[in-house]
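Trainee: Got a structure for you, written out below as structure tokens; questions coming shortly.
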Amino acid sequence: MLTIIKILFGTVTWSATFRLSTPIILTSVGGSFSKQTGTFCIAFECFMLSAAFFAAWGSYLSGNPYIGALLAIVAGVILAAVFGVFVLHFNANPMIVSIALNFGSWAMTTLLLTKVFKVRGFFHSPKIVNFQSIDIPILRTIPYIHKILNNQIILVYIAYISIFIGAIIMYKTPFGLRLRGIGINQVGAQTSGVNILKYKWIALIIMGVMSGLGGAYMPLSGLSMFSENMTAGRGFLAFAAILVGKGNPLKAAFIGILFAYTNAITLTLTSFGVPTQLLQMMPFVVVILVLIISSLKNFSKNPTINNQ
Amino acid sequence: MKLKISHEVKKTILRYGISIILTLLFGSILIAIQGESPLEAVGHIFEGAFGNRINIGNTIRWIISSLMVGGAAIVAFKSGVSNLGIEGQLYMGALSAAIIGYSIELPHGLHVMACLLAASILGMLYALIPALLRVYFKINELITTLILNFIAKYLTEYITMWIIMGGQQSANGSASITTPQILNTARLSTIIKGTTANTGIFIALGILFFIAFIYKYTLEGYEFTQIGQNMSFARMGGVNINKSFIMVFLMSGLISGMGGGIEVTGSYYRFMPNFSNNLGWDGIMITRVANNNPLAVIIVSIIWGALKQGALHMERMTTLNRLVVIIIQMLFVLFVSIDYDNLFSRWKEKIRLKKTNSKGGSSIC
């Protein structure tokens, strides 16, 4: 019994939850903005993976993780812009563009890995400098909390702050109102004088910046390495969080934290000899369960399908 | 006599022509900056794909997989079902074919059929989950199929490693996680000696012709297409959408599962995790490049298969990585997805507006 409580509420689990949720939260908060404007995007895997590579590269070259994060943001924004040009200006199907970008970025980063670092599979080097963990004096004194919240790296704090900033922008500012207006009724927003394209582009750029940061977290959070296909489905988890949260940063982040919590619990369970594959599967099973629970109200015995 | 070209045909030629030119341009740049000659690289790809008997055989082996996933995707996407879960259905099909293949003994033809049947059924059942969730809970199938891919991947790896191989002692490193080899009776016979080109090609081609026939000549096919084009209209027209929707999903899952089965019984002769290498996603891209036309899928599959096999040869002969070919393929997919017709008419409009504006301005002055 005690071990169960320890696993569910222990500081180790919660501290891991905070760490693991960071990339998903960053990406899903950014993606919520583009979701609100009605842009359909599943290319988060592409943004995060490319950002992760450039973060590692930038940090390797300069010895400064902040430069790495900056490069990651640039990579994220450029790829989001490519996505934007194809989808918003060339009328391309967003799904197929996303799939092509996801694959293209996987091939590109793997290729760059062999060209730049002359290795296959993964590159590990102490020259890739990580973010330092931050010691916050106020948090140090609080029991229990200090083991969870204190001594995390700066991106973790940025992620959690961004949830609230994102929510405030989305629901308390004129800018957010217009964004949501475009998503609800595009023609209506246009007739009331909103420049739709401009808002869609701003939302895309926000998405690029945030998923760039989310990608930068992975190589610079203490691992000092970049490996082929490092994101391993986190982009899709973020997409699921955005979809369940319906573009609300608070809800999306909550779902992201739930995924991370499942992941953290399963990490502690590894030491009990549970097969790793089942543990790796758990966050994805939770996604399906969350989707079912959040759609229970839609259940009907005589269903009708609508275009979604 | 003047050759009449309809607008549709012109549009298609324009679209593929521009895409190919753009892809060649960007692809050449990509190859040239790595210090290799683009022409030589293309030559090596061609030689690797069609150079001799063995190469052609291996190319056919990849064409089979492309055809199967392309078929699975086209059934779904033509009817507006966004089945991104082909990958997962492949895994389920492949594993079940492998299990039937090594665990029971049957005469040759029967055994292969049993394997493929099991693979199809498993693939179908796995597709039933997102279909039911969409119909009864209104959960977008995009996300469920996407997530079910990962579940299938880990689940099959778990079953292989912990149930079939019996735990950790035999599993050191992901490379060695496999099921036992399937029996000789469970193998599809090869059509070119020394390669794994197998009779699956006839199954795959048969399926695609069957799809083309259904969509062109039958009532069901017409209804399925209607759903894809305009769901509300189809409902008003009296199509039972729920039934058709589930049926399309099951059909797509069946073909994916069988595709996984053919991979195992025709080429790999065993199941191993990560065998598919994102084959399922290839299917979706093939369908989109082929513009949801079953016969065009065959052509695109041939190109896809040739590139896959040719890239290996190119990698051996030059300093280029075969990933370069994947990047070029993705560029092509991106360029084909552009709506050129719309783009050009908008540009024309802009130029026309500019002209009239400048004229108007000058007359006032």
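A Cβ is built for glycine as well, from the same backbone N, Cα and C atoms used for every other residue.
TrEMBL lists these features:
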- B:12-33: transmembrane segment (TRANSMEM)
- B:59-77: transmembrane segment (TRANSMEM)
- B:84-104: transmembrane segment (TRANSMEM)
- B:110-133: transmembrane segment (TRANSMEM)
- B:145-165: transmembrane segment (TRANSMEM)
- B:197-215: transmembrane segment (TRANSMEM)
- B:245-269: transmembrane segment (TRANSMEM)
- B:289-307: transmembrane segment (TRANSMEM)
- B:319-338: transmembrane segment (TRANSMEM)
Trainee: Okay, the transmembrane segment (B:145-165) and the transmembrane segment (B:289-307): do they have at least three CB pairs under 8 Å, pairs separated by 6 or more?
Mentor: no
Trainee: I'm a bit unsure how to read this: which one of B:59-77, B:84-104, B:110-133, B:319-338 has the highest number of Cβ pairs shorter than 8 Å with the transmembrane segment (B:12-33)?
Mentor: B:319-338
Trainee: Considering only Cβ pairs under 8 Å, which range in B:110-133, B:145-165, B:197-215, B:245-269 makes the most contacts with the transmembrane segment (B:84-104)?
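Mentor: Answer, by Cβ pair count: B:245-269.
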Trainee: Is the transmembrane segment (B:59-77) packed against any residues at least 6 beyond its ends, judged by a Cβ distance under 8 Å, and which are they?
Mentor: 49-50, 83, 86, 89-90, 191-192, 195-198, 200-201, 204-205, 207-208, 211, 228, 248-249, 251-253, 255-256, 258-259, 262-263, 266-267, 279-280, 282-284, 286-288, 290, 292, 294, 297-298, 300-302, 304-306, 308-310
